[in-house]
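The feature Mg(2+) 1 binding site is assigned by Swiss-Prot to Glu178, Asp220. Annotation comment: Swiss-Prot describes Asp220, Asp222 as Mg(2+) 2 binding site, evidence class sequence analysis. Among the features that Swiss-Prot reports, domain 'Toprim' is placed at 172-246. Residues or ranges marked as region 'Disordered' by Swiss-Prot: 287-322.
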Amino acid sequence: MNVDPNITKYMIKAKIVTDGVVEKPDVVGAIFGQTEGLLGDELDLRDLQKSGKIGRIEVEIDTKKGRTEGYVLIPSGLDQVESSILAAALETIDRIGPCKAKVEIESIEDVRINKRDRVIKRAEELYRKMGENGKSLSESIVQTVREEVEKKEIISYGEEHLPAGPAIADSDSIIVVEGRNDVLNLLRYGIKNTIAVQGTSVPKTVKELSKSRTVTLFVDGDHGGDLIIKEMLQVADVDFIARAPPGTEVEELTYKQIIKALKYKTPVEQYLETHGMIEELKEWSSRNTKELEERQGNELKNERPEKINENEESEKNVELKEGSVQKLETVPEFDPSSPESIKFKLKQLYESRELELFDGQSSVGKFPVSDAIEKIESMHGDLLITGGIISQRLLDIAYNIGVKAIYGFKIGNITKKPDDIKVVAWDHI
């Protein structure tokens, strides 16, 4: 059924039934003829149609077995009240052509609802299309930014040309990650003191950096991360360990996840104790030391082979004398005023991962680094030597118990240091 598209508000739908055969012109004529003068001049159908307030009347009828049935559709631009009056007037029609007829209003539909439905549906289509275009545009922008960041900020560092952040050369503390994408992701959130090992084999550059910097090892939360931790602990000096959430990689972490992981990084001593790796690490250290000594011994033999075979009898005598001396040799007494004595003590504590508190020359107590802070809180002393990192918390506790000097293997992130306490790292003794 074709409906005038210019209708504005309502569609009056009336059902007609006649007891004889009629045609469309008969129906239209009956509508105009039998309602003329019924509703006054204001609602006269002819005038309303001329003024455009009533659209073209559409008639759909079908004749069967001597009866005619069908529908009449009248588009109305009138308001609800006027449209209802006009619809009621149609039901007064009792004859169409020569036949008796009955007219019944089935509905008065608000066509604006249909319009709104079409508007909503079309708006959804347009929004979806706009969203797809916007998404591709935003993805393009993100990719461009990533490329620019990578191009301008990632540098190649060391003889192995390792991917690193621009602050790697000047930072006292560094973050060691696995690959280039990890460095890029941290750069994206403003973390610039990073360097990548590019695999599980630790490069010489990273080993050398670990000797003079505070090192945080930041690895993926998978088996690959475990392997990198083990490798780094064997050949480099790691201070803290941070891990991505289980099953995730550093390169895919959000800013919030990165900050949380770095905030709750674990001191290496605590990590070793928690994971039962202390004995394993000692075994690695012993093996590495032995290999180094053997390598140095071989180099010495190659440099002076002629002296090794000279006067074997004299060598035996010397060895015998040295053996006698070794039996009588004792550990030198600790002297807090001697840098050599302090360095010797610090080396011992580093190897055993312990902390020792002194009052003058006397030892007040020696404890594992992992739980030493809680142990010394109730003690008193004037000198503290730790085989671990001098942290802000350790410094605060030491100051509170009267310590005047702290010696440690490394100095961590100290933001507040009292003027009357001395803080010294291994390489400054």
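Glycine too: its Cβ is placed from the backbone N, Cα and C atoms.
Owing to the predicted nature of the structure, the values given are computational and were not obtained by experimental measurement.
The Cβ neighbour count for Glu178 (Mg(2+) 1 binding site), using a 10 Å radius over every protein chain in view, is 23. When the alpha carbons of Glu178 (Mg(2+) 1 binding site) and Asp222 (Mg(2+) 2 binding site) are compared, the span between them is 12 angstrom. Across the domain 'Toprim' (172-246), the DSSP tally of helix, strand and coil residues reads 31 helix, 18 strand, 26 coil.
Comparing the binding-site residues Asp220, Asp222 on other C-beta atoms within 10 angstroms of each C-beta gives the minimum for Asp222.
Residues belonging to the domain 'Toprim' (172-246) score a mean pLDDT of 91 in the model.
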